[in-house]
Ligand code: SAM
Ligand code: SF4
């Protein structure tokens with residue numbers, strides 16, 4: 001029988017989120033409000049051969065989907081090459097990325113040719129001024145052109161992430177719905193998650209996805225069934241809309257029961273949960289091709305430590321200062 005990563009709660013892991021860099025050029029208020037701060041030592045992010053080895057090990061143990069994230073993954077000069085290499089790994093069926101979209105207009109066609117199959121773009125508001133306020137960058141038009149370009153070059157569906165923020169975008173549902181009426185976009189509202197570096201931000205801006213969920217159901221939106229390598233979103237469709245709505249509600253009971261993903265940071269640490277502790281170092285086993293068996297064994301043994309769920313309800317954010325550090 002083929003190998004399969006599995007934890008003590010019989011959850012199987014089909015989905016790897018691989019961070020390529022911690023660096024970002026945006027300053028989202030909920031993530032890096034002061035922008036990326038370089039430490040004293042320049043971090044050394046995973047090289048192309050290291051990425052190849054880690055992805056191969058995951059693919060040999062049942063992973064079928066890899067998401068490239070960060071920081072901002074498209075800041076890597078070798079980003080297209082990374083896509084090509086991940087896509088060429090036997091067993092990998094989907095290569096996805098999460099991006100702030102600043103480079104999409106220019107490069108999305110090239111990424112698609114290299115093998116990118118799925119794209120998630122962050123867009124917290126359809127109001128350019130609000131977008132600027134939240135991201136610290138006046139690049140709304142550039143990101144919107146990037147989304148249109150992705151649809152033009154043939155991505156059959158683009159996913160757009162909006163972090164729900166009280167008093168900022170949580171009342172903009174009608175505008176968002178209008179925007180997806182004739183666009184094959186899955187608009188995903190993500191509940192704000194508390195991270196270590198947040199002070200009063202969370203209490204001030206957290207808005208529950210439940211209200212939105214009820215509003216959608218009242219307007220005739222219906223739930224879709226989930227596939228084994230899907231992300232955590234509850235997806236809704238409506239016969240009058242070409243687009244779909246996804247809700248990601250990490251504070252809801254049972255959110256962790258269907259967890260199917262693992263994370264590897266840009267410096268090669270396995271993270272069992274977005275809100276876990278410091279991670280299992282894999283890097284020493286990524287230096288040569290002949291260490292695949294030891295690598296797979298270390299990952300499987302790390303999985304034995306995976307808890308049944310996160311402890312966000314108790315205000316325990318683990319060791320994650322912000323999501324740019326681990327690839328949200
Ligand atoms: N830079 C890329 C981007 O913004 O899409 C990829 C990395 S970013 C950390 C991945 C996703 O995490 C983005 O959609 C972002 O909006 C989301 N995110 C960041 N911090 C968050 C938080 N505290 N709560 C919920 N979502 C968050
Ligand atoms: Fe950068 Fe993405 Fe974090 Fe915004 S959410 S600061 S774009 S890493």
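Cβ from N, Cα, C; glycine included.
What TrEMBL annotates here:
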type	residues	note
BINDING	17, 67, 98, 159, 261, 262, 263	GTP binding site
BINDING	24, 28, 31	[4Fe-4S] cluster 1 binding site
BINDING	30, 71, 122, 193	S-adenosyl-L-methionine binding site
BINDING	256, 259, 273	[4Fe-4S] cluster 2 binding site
DOMAIN	8-228	domain 'Radical SAM core'
Discussion item. What are the sequence-distant neighbours of residue 262 (GTP binding site), meaning same chain, six or more residues apart, C-beta distance under 8 angstroms?
Written reply: 5, 13, 15, 16, 17, 58, 270, 271, 272, 299, 303
Worksheet item: What mean pLDDT score does the domain 'Radical SAM core' (8-228) have in the model?
Response: 94
Worksheet, complete the sentence: Checking the binding-site residues 67, 261, 262 against ligand 2, those whose Cβ falls under 6 Å of one of its atoms come out as none
Practice prompt. Please list, in sequence order, those binding-site residues from 31, 67, 159, 193, 256, 273 with the Cβ less than 6 Å from ligand 1.
Written response: 31, 193
Worksheet item: Does DSSP put residue 256 ([4Fe-4S] cluster 2 binding site) in a helix, in a strand, or in coil?
Response: helix
Worksheet item: How far is it from residue 30 (S-adenosyl-L-methionine binding site) to residue 24 ([4Fe-4S] cluster 1 binding site), counting Cα to Cα, in Å?
Response: 13
Discussion item. On the three-state reduction of DSSP, what should I expect for residue 273 ([4Fe-4S] cluster 2 binding site)?
Written reply: coil
